[in-house]
């Protein structure tokens with residue numbers, strides 16, 4: 001369904017007469033966010049430093065519901081552990097989203113200069129847990145916890161960001177069953193499209209803890225599609241290496257395949273690893289200073305993506321599998337079920353044609369680029385699937401889901 005940019009409404013939308021280019025001074029670009037470019041800026045009225053996310057709604061037409069969702073969630077949050085949202089302005093087809101500026105970068109940025117020690121990890125995890133405890137108390141699920149979505153201020157304050165796939169639980173709907181998130185960090189029950197709740201964030205936190213310790217999540221050397229098969233089938237990842245027993249136990253607690261046995265965020269704040277090792281957030285400024293030194297030494301070739309994580313220009317997904325841009329998997333909502341930017345009834349849909357089938361065919365054709373007859377057969381098969389999808393929207397999703405179920409069943413039958 002097409003959307004006219006002028007018809008877009010989001011919480012905190014300012015009077016359309018107000019010109020954001022007069023109210024704010026746009027400075028250097030600091031990254032590419034979930035749906036557009038992000039700039040450092042100055043509020044000319046207060047001289048406050050802000051982050052300005054600018055989205056061309058004509059180009060981001062398919063993502064408008066996700067943009068509304070992110071702004072809706074942020075506008076409802078009032079926590080020092082969640083990125084603050086100040087308001088939005090519409091100028092032509094450009095939506096200006098004004099947010100809190102966090103100049104310390106993302107945890108993923110800081111990891112580029114090297115892994116963290118356990119005191120730094122415990123300190124960062126404690127702040128993430130405070131953010132999750134707040135969100136879960138508000139019946140919200142982040143659904144995309146990872147180092148790229150954890151931002152720091154220059155003083156070391158830690159905040160959760162990127163709420164484009166966040167979900168809202170109601171009193172009558174205590175679990176969700178929508179396939180969203182990022183494969184490497186995704187909980188088994190989310191991949192299987194089973195009913196899930198805030199405990200899915202706890203699994204992602206456990207994977208993030210490993211990421212902070214090792215510099216990357218488990219299975220990062222594998223194809224993301226294979227990871228989707230393996231996470232529900234295999235035993236949970238464990239932290240291997242010279243780490244303390246309490247840290248390994250913290251991760252094991254988060255990565256229980258049965259969500260009912262995972263602790264809550266509030267319970268994890270009392271875990272021995274957090275209590276004994278966490279320090280004041282100012283302790284994290286050493287990581288920020290280290291990253292600045294690392295960049296000054298000429299190690300950084302890519303632009304930092306501190307204020308948004310979808311492109312993750314330095315991430316292992318894009319480096320290892322250039323044909324796949326497999327970061328955050330986002331839902332495709334039914335516009336009829338979106339009211340005031342909040343999706344009331346999420347559709348259980350994975351965009352398999354664009355996320356899985358098309359990239360898979362591209363890889364097959366690349367592998368057999370010198371075999372004309374094989375490539376022609378691949379193209380014919382790809383066209384047939386596209387025709388079937390056009391005639392019966394959603395049929396590809398059902399087919400891939402069924403293939404995953406069959407694969408998992410066969411794998412389980414073959415297991416000793």
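Any Cβ shown, glycine's included, is placed from N, Cα and C.
Residue environment of residue 144 (active site, proton acceptor) contains 28 other Cβ atoms, counted within 10 Å of its Cβ in all protein chains. The active site, proton acceptor annotation in Swiss-Prot covers 144.
According to Swiss-Prot, the feature ATP binding site maps to 30, 31, 32, 33, 34, 35, 36, 37, 38, 53, an assignment based on sequence analysis.
Per Swiss-Prot, domain 'Protein kinase' is recorded for 24-274, and the stated evidence type is sequence analysis.
If you look up Swiss-Prot, you'll see 2 marked as N-acetylalanine.
The annotation phosphoserine is assigned in Swiss-Prot to 4 (among others).
If you look up Swiss-Prot, you'll see 178 (among others) marked as phosphothreonine.
Residues or ranges marked as phosphoserine by Swiss-Prot: 300 (among others).
For 304 (among others), the entry in Swiss-Prot reads phosphoserine.
Look at Swiss-Prot and you will find 306 (among others) tagged as phosphoserine, backed by a large-scale study or a structure entry.
The annotation phosphoserine is assigned in Swiss-Prot to 309 (among others) on the grounds of similarity to another entry.
Among the features that Swiss-Prot reports, phosphoserine is placed at 325 (among others), with the record citing a large-scale study or a structure entry.
The phosphothreonine annotation in Swiss-Prot covers 327 (among others).
Residues or ranges marked as phosphothreonine in Swiss-Prot (evidence: a large-scale study or a structure entry): 328 (among others).
Taken from Swiss-Prot, the feature region 'Disordered' applies to 297-340.
Cα of residue 144 (active site, proton acceptor) to Cα of residue 36 (ATP binding site): a span of 18 Å. A strand conformation is recorded for residue 32 (ATP binding site) in the three-state DSSP classification.
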